[in-house]
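Here is the structure we will look at.
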């Protein structure tokens, strides 16, 4: 697997095709076979192939080698098949036209340009884009069209050029215009049309110092084309609307009709970041969302955000099964942790008679407390997940959620260090005060430092929160690594601790007088760690898997189950299955019964 094979194209095509081996089968990777020779369409007049400006219009002596609107090349392009190799050549052609020949873009030029672009935007050939060698070809096409259309000359204050899969409209605007709107209704596939609507608010028009022009371009299929080469888990669920506006206009109102009108899926308003070539949710905020359409308020920036759409992201799915599992599991987790802390309070004096057992139960109480607070914060975060309305509250909830989830793991780490201390440093005794100071420094100090650094580094760049949820960002800043890396590192360390315990106890003689009691305590503690560590590691391993493969419902359900029942695991393996705790609880119950009998 992974081997690559390159084959030349069969005549009359030129170029080559590459294949990659997957599951012992050859699969096409890129297809650069082309039948269209773009260079031959425009022979340079003076024999200078690099002088692109000479490809159109007339030379210095007035000899015309192509009409001013370059419509003479249209028949050759439209008669060529829209195969991946030809698509790549046409994208490159449109890019050169936009860079070299975008002066005085009249209606004729715009019509010819649109007809060429329309040929490779057809809904029937979207799948061919997956094999274009340049994975950014869709983005290059978008930038080229935006650049060219932005220089469209307006006749009598307006212009409109319509093709099946690209539509351009332009209007003159000034401060006295009472809100300008652009309406599009275009064919997406053979089943029907989708609509888009763009409005420049009146308050934005008031900022204009002079009469200007506004251009809007609609692409019903370009979102799906860009998606074929993007790793973003969301997919475009409406047309792409591009705008060319004066710099003074900063905010616009966009309405998108949904392609897939599903009840359980939330939309996400996004802008295309032309520099980073990805969809960015920071460009827009959602105003309203219903089953058929979405209204977005988007920030226009002439260098970065000029194109907008909506995503239907699998990470936003409100799956009823996941919600039910999470609610039931969190309820059981909170109940289990409260019960764990009550039991620890009842049996505290019976189970903390030695230094080792005191330290062990001290760690367990802090583990349970950290997870209990994190579970409560998880519920709060779910309530305020609409980050646009409760941004500061969501940041605060995420910060403390991050802190207490990290505290859970660092107290597990402290428990692992306690085991190593009891086994390896037999003759070195630590006082309770020294232990408490060290444990608090590790258990709460380290999480606090990591949490503060995470929010301080990512929040100024608006990359702290993930879209639509009060939790750490992944796609833009990878802030989630500030939780995943420490948590999984501690899991690995504790697994090593368990291995050390197995090796050490296998070599030791348990019948060594005063040491035997401490050794037995260490074995009991290590059993708890041996049971809890794989469970916590498995839980957050699946948590990471949901980020890497967010489309997998199995990963989401497994993570929801394990995450929600962590409190129950701590109660079961940390408290109920501990023999000394059960004995102390039984003694306490018997003592209570005797007191009741004597009182009677």
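Cβ atoms are placed via backbone N, Cα and C, with glycine included.
Remember, TrEMBL labels are computer predictions, not curated facts.
According to TrEMBL, the feature domain 'GAIN-B' maps to 171-318. For the domain 'GAIN-B' (171-318), DSSP puts the residue distribution at 16 helix, 75 strand, 57 coil.
Marked as domain 'G-protein coupled receptors family 2 profile 2' by TrEMBL: 322-578.
The feature transmembrane segment is assigned by TrEMBL to 328-351 (among others).
Taken from TrEMBL, the feature transmembrane segment applies to 363-383 (among others).
TrEMBL lists 403-428 (among others) with the feature transmembrane segment.
Sequence annotations record features per position, and here TrEMBL assigns transmembrane segment to 435-458 (among others). Here the transmembrane segment (435-458) has Cβ contacts under 8 Å with residues 355, 359, 362-363, 366, 370, 395, 399, 402-404, 406-407, 410-411, 413-414, 417, 464, 472-473, 477, 479, 482, 486 of the same chain, all six or more residues outside its ends.
Annotation comment: TrEMBL describes 478-503 (among others) as transmembrane segment.
Look at TrEMBL and you will find 529-548 (among others) tagged as transmembrane segment.
Per TrEMBL, transmembrane segment is recorded for 554-577 (among others).
Across the candidate stretches 363-383, 478-503, 554-577, the maximum count of CB pairs under 8 A to the transmembrane segment (328-351) is reached by 554-577.
Below 8 angstroms of C-beta separation, residues 330, 333-334, 337-338, 340-341, 344, 394, 397-398, 400-401, 404-405, 407-408, 411-412, 414-415, 418, 439, 443, 469-471, 528, 566-567, 570-571, 574-575 of the same chain, each at least six residues beyond the ends of the transmembrane segment (363-383), sit close to that stretch.
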